[in-house]
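> Here it is, the structure in full.
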Amino acid sequence: MRHQWVANRRGQSNVSQMHYARQGQITEEMDYVAKRENLPADLIREEVARGRMIIPANVNHVNLEPMAIGIASKCKVNANIGASPNSSNIEEELDKLRLAVKYGADTVMDLSTGGGNLDEIRTAIINESSVPIGTVPIYQALESVHGNIENLTADDFLHIIDKHAQQGVDYQTIHAGILIEHLPLVRDRITGIVSRGGGILARWMLHHHKQNPLYTRFNDVIEIFKKHDVSFSLGDSLRPGCTHDASDDAQLAELKTLGQLTRRAWEHDVQVMVEGPGHVPMDQIEFNVRKQMEECSEAPFYVLGPLVTDIAPGYDHITSAIGAAMAGWYGTAMLCYVTPKEHLGLPDAEDVRNGLIAYKIAAHAADIARHRPGARDRDDQLSEARYNFDWNRQFELSLDPERAREYHDETLPADIYKTAEFCSMCGPKFCPMQTKVDADALTELEKFLAKDQVGSAR
């Protein structure tokens, strides 16, 4: 749908949405987002210009349906997919992509580290996807030197970053905030550095005793991004990997650097969102969101979870959705889903489904809590259908219609039960929703109560 839109921008040195927004121009992407969000187009332009909203939309991803990530828009959900050296292939990843989009992923990150030709996998995903695609280019940079971290150079990183930009990746996680002086701060952690990208750079800095090359060459990354309109997703290399490590000096030192990098990118009209933790106890979530807004000048916050406890392997889509709902309520713009396989293995299609639904619930709950216009409309419609025993309408309005119908069918599969005024929980005689309160009866009751109060007053 974007062929003509981007064709009109050919030859321009900066094609970022922020660049146009700061020139006072409402692009086709901004107008499209305004309709999707039911917000004024000029508000979208103002938020993008200010840096509080991004529209990740690489000019080379022409089949993209533009969307927004920011505090003024609905809370979004990202799904991670990706092949590994031990599992998965192109077709399996495309199936995961389709499933993720089906169940409401607003963006998808390809975190492939193996399983075939990474360029082919990425190209296939971009060509198939109508939602923005994000990547972590450091993974392919490491693969390009056959896993020998010490052999990586700054040019290796930039080559892969540029390749991803040319292929149409809409946003890239760039781990530029971890500095060599931050490394001693992880000494007292239980889980050290849990970011894969952060771990790679930490080992590189420890080996060479040199500063993070993504930090020293940050302006070169900016130049690549503004040519293709790639958004920064500034990686939190020192995010806490357990609740013990949350909000520590290492995490906050990197966050301060991420704020400085955000403003450097903005000087060149390049869009930025900032990644966040991780594992955070419930009582620290508000602090983390507020601190990010303060340090990063209100750039959109994109958090992984956070998990609020560490004792539930196999159920971390639940432990993290609790934290995600709270983070969304406090103002986080996008939530990165966690699947039941987190910390245990590579998720399959069913894990993707379960993780996504858990996070769509969290994001929707956050939108309701933030009183976004129209956020509760679907809830009210489903409640009306429930009260009227309109089972098919309930299924239709559910986040996962297939699962809702499946559970109802387990005990009452016949079509006749789709109009029944009960379910298998209460049966035909005990359902409280059968007690329909007649409006006329309520009016008569009010008259009686009014008379009774008068009599009591005497």
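Glycine too: its Cβ is placed from the backbone N, Cα and C atoms.
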> Considering the substrate binding residues M109, Y139, H175, S195, R196, G197, D236, S237, L238, R239, E275, Y302 given in Swiss-Prot, which of N63, N80, N86, N89 is annotated for that site as well?
N80
> To the nearest Å, how far is the Cα of H279 (Zn(2+) binding site) from the Cα of S237 (substrate binding site)?
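Between the alpha carbons of H279 (Zn(2+) binding site) and S237 (substrate binding site) there are 13 Å.
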> In whole Å, how far is H343 (Zn(2+) binding site) from R239 (substrate binding site) when you measure between their Cα atoms?
15
> I'd like to know which of the binding-site residues C423, C426, C431 has the most other Cβ atoms within 10 Å of its Cβ.
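Per the Cβ count within 10 Å, the most buried is C423.
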> Measuring Cα to Cα, tell me the gap between H343 (Zn(2+) binding site) and G197 (substrate binding site) in whole angstrom.
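One finds 16 Å between the Cα atoms of these residues.
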> Which residue among the binding-site residues N80, S195, G197, H343 has the fewest other Cβ atoms within 10 Å of its Cβ, if you could check?
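Selected from the binding-site residues N80, S195, G197, H343 on minimum Cβ neighbours within 10 Å: H343.
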